[in-house]
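Over in TrEMBL, the protein carries these features:
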DOMAIN    52-475  domain 'Major facilitator superfamily (MFS) profile'
TRANSMEM  90-110  transmembrane segment
TRANSMEM  117-135  transmembrane segment
TRANSMEM  141-161  transmembrane segment
TRANSMEM  182-203  transmembrane segment
TRANSMEM  209-229  transmembrane segment
TRANSMEM  263-283  transmembrane segment
TRANSMEM  312-333  transmembrane segment
TRANSMEM  345-366  transmembrane segment
TRANSMEM  372-400  transmembrane segment
TRANSMEM  412-431  transmembrane segment
TRANSMEM  451-474  transmembrane segment
REGION    485-516  region 'Disordered'
Amino acid sequence: MEPRISVSSFKEVVSPRRSLSASFRYGSFVNSVHTSERSGPPLVSPARGYVAVSVLCYINLLNYMERYTLAGVLLNIQKFFDISDSTAGLLQTVFIVSFLLVAPLFGYLGDRCNRKYIMMGGLIVWLITALSSSFVTEHLFWFLVLMRALVGIGEASYSTIAPTIIGDLFSGTKRSLMISAFYIFIPVGSGMGYISGASIASVTGDWRWALRVTPVLGLIGLLLLIFLVPNPPRGAAENQGQANTEPSSYKEDVKYLLKNKSFVWSTLGVTALAFLAGALAFWTPTLLFRARVVQGELQPCTEEPCNSSDSYIFGAVTVVTGILGVCIGAGLSRCFLDKVEYADPVICAVGLLGSVPFLFAAIFTASANIPATYVCIFITELMLSLCWPILADILLYVVVPTRRASAEALQITVGHLLGDAGSPYLLGVISDSIGKSNPVSSEWSFLSLKYSFLLCPFAGVLGGVFFLITAVYITKDKQAAQQLVPEQSARDEGEQQELTVGSEDALFPYQAAAET
């Protein structure tokens, strides 16, 4: 049996096998409760870790495809049920509200129970309810609303827990890369949702068929989850496969998080980002369609299927800007974080504040020049996408492993409750209120929705300010989290050479070079 190593002498001993990352520039944390200290190989092999992340990315892609399929066929839904803008926005609001109401429960369970089983149960609920919603009739709008609420419950289980599993499979720079890969599928999945929804509705002539694609693909994701995704011990990546054995109470978790100023202010920043992104994602294709009608390029939609060209274009823009933005955001973080410890929230602030002038330009050019509007939308979405890979990384390195699921849940709850849960509905209400002055005019239908969009830039400014405040506290909070465990000792030169030529660094040669 190997001798036990005390915390005080840990720095002086070089463990025979270490994590693949040479340094903990993103932090290494466990709870302050009892931790078993032993050396040895990780419980989950690196190769299996990469496979697991691939499966989680695939399911994340499907989640966001399903979420924004309705936005891609919103014109058809409004015509099918003969509903107003505010009622149409209610579909997204109901989904998000149910999502956030159960997120704290899944966060609590995710810090204490088998996370894989929780995700499996949530995906089963998601598959059944998403498929059931596709069989709604013209007189059963309430049924569609109910199914959207249940879909939100299913997705909450996955979105709350999946990032914490990635955090326990990898540490340091590799964790940042895996989180970036996971979050790049938010905009990619969203864009594909617009495109697939509009395409299937156009081909079949019935928007309901668009809701049947992701459940079929989701069944494959469920099987992959069952057979290929492990449930690693919490904090295993930072502690050589060691588990944190005594999770604290949920009340203690919440008190800890509320005292963590970086977590609180970054959560408010996430809320502003969610408000802005949710409103844009749900209403932009409809706004552009109405703009084309005003300019005489298209006729108003009188029967299904409605013209969905803007759903295709906006979906493609979302995919491209998402990939570029996540890569640029992750690259900027890797470039500056070693030199400036508060770089991450500053990058998020720049993204939000930088998007505001282009969003204003997009709103006011829509009535005159559609191509120029798309250019402004492209830059706006690119700036917003800088934030996605950084947000989760901030949470992971300022929150200890045994409280990460609770932190994810609390951030999701606040972000959605005050963010994209209400923004689609709020914009719809404002649009309907303005439109009542001239309800039969196509031009006024466009202008009313256009004026409601003016609320979004103010959310961007608030979000930027919140992230700048986060930058004030993040260095101190990161150091506080790092002090909860001993620092990782340096690897000897022979081990560095062995890992550099290993199969994992062959997958990420640029990272291996940087670490060497």
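Sequential numbering from 1, following the chain as shown.
Glycine residues also receive a Cβ, built from the backbone N, Cα and C atoms like all the rest.
Under 8 Å from some Cβ of the transmembrane segment (90-110) lie the Cβ atoms of residues 67, 70-71, 77, 118, 122, 144-145, 148-153, 155-157, 159-161, 164, 250, 278, 282, 405-410, 412-413, 415-417, 420-422, 424-425, 428, all in the same chain and six or more residues away from its ends.
Same-chain residues lying 6+ beyond the ends of the transmembrane segment (141-161) with a Cβ under 8 Å from its Cβ atoms: 59-60, 63, 66-67, 70, 81, 83, 87, 90-92, 94-100, 102-103, 106-107, 110, 115, 118-119, 121-127, 129-130, 132-133, 405, 408-409, 412. With pairs at least 6 apart in sequence, the transmembrane segment (451-474) and the transmembrane segment (263-283) have 3 or more Cβ pairs within the 8 Å limit; the two touch. Looking at 117-135, 182-203, 372-400, 412-431, 451-474, the range that has the most CB pairs within less than 8 A of the transmembrane segment (209-229) turns out to be 117-135. Listed as Cβ neighbours of the transmembrane segment (451-474) (distance under 8 Å, sequence separation of 6 or more from its ends, same chain) are residues 261-262, 265-266, 268-269, 271-273, 275-276, 279-280, 283, 287, 341-342, 344-346, 348-350, 352-353, 355-356, 359-360, 363, 394, 398, 423, 426-428, 430-431, 434. Contact between the transmembrane segment (182-203) and the transmembrane segment (372-400) is supported by 3 or more Cβ pairs under 8 Å, counting only residues 6 or more apart in sequence.
In the predicted model, the domain 'Major facilitator superfamily (MFS) profile' (52-475) shows an average pLDDT of 84.
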